[in-house]
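Under the heading FMN binding site, TrEMBL lists 10, 11, 12, 35, 39, 130, 131, 132. According to TrEMBL, the feature domain 'Nitroreductase' maps to 8-160.
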């Protein structure tokens, strides 16, 4: 598959095997993240490789209580903590005082860096999924990741080998761009 086909057919994965990227493979992912568009070269992000799955599970359980997620939330917390062999937290480091680069643009940069990390994982044969919402917004998660007041956890990136190579998550067809793109002519 060529690069354009890969980019046009990429999807997230929720079924992982047990092979994790090694440190060198992770380093390639982080180097790709550092190449994200970055107005002002602020590098307004950081990543944390969560190797302590028990601490992750406890932070997810705390989110179940904090956000009143009930029995289904308990099941999801257990699944998320063991779903993939590697979990990387993506954290935006926002500088609200920067007059040249507003905080929203710093957040976009963090998103681009995180997506670059995902693409670099995919290129190396790993699958990924980006977990967000209440799972990353809880107090316990922020404490576990030692977040400062100006930092926002934007996602947990689950990374691992595909559970079944036959089910690698590439869409069979490319998306139709109608309704998403227009051309201003004249």
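In case you wondered, yes, glycine gets a Cβ from its N, Cα and C as well.
This view paints the features noted in TrEMBL onto the structure.
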residue : record           : Cβ within 10 Å
10      : FMN binding site : 17
11      : FMN binding site : 13
12      : FMN binding site : 13
35      : FMN binding site : 11
39      : FMN binding site : 14
130     : FMN binding site : 17
131     : FMN binding site : 19
132     : FMN binding site : 12
Q. In Å, how large is the greatest distance between any two Cα atoms among 10, 11, 12, 35, 39, 130, 131, 132, the listed binders of FMN?
A. 28
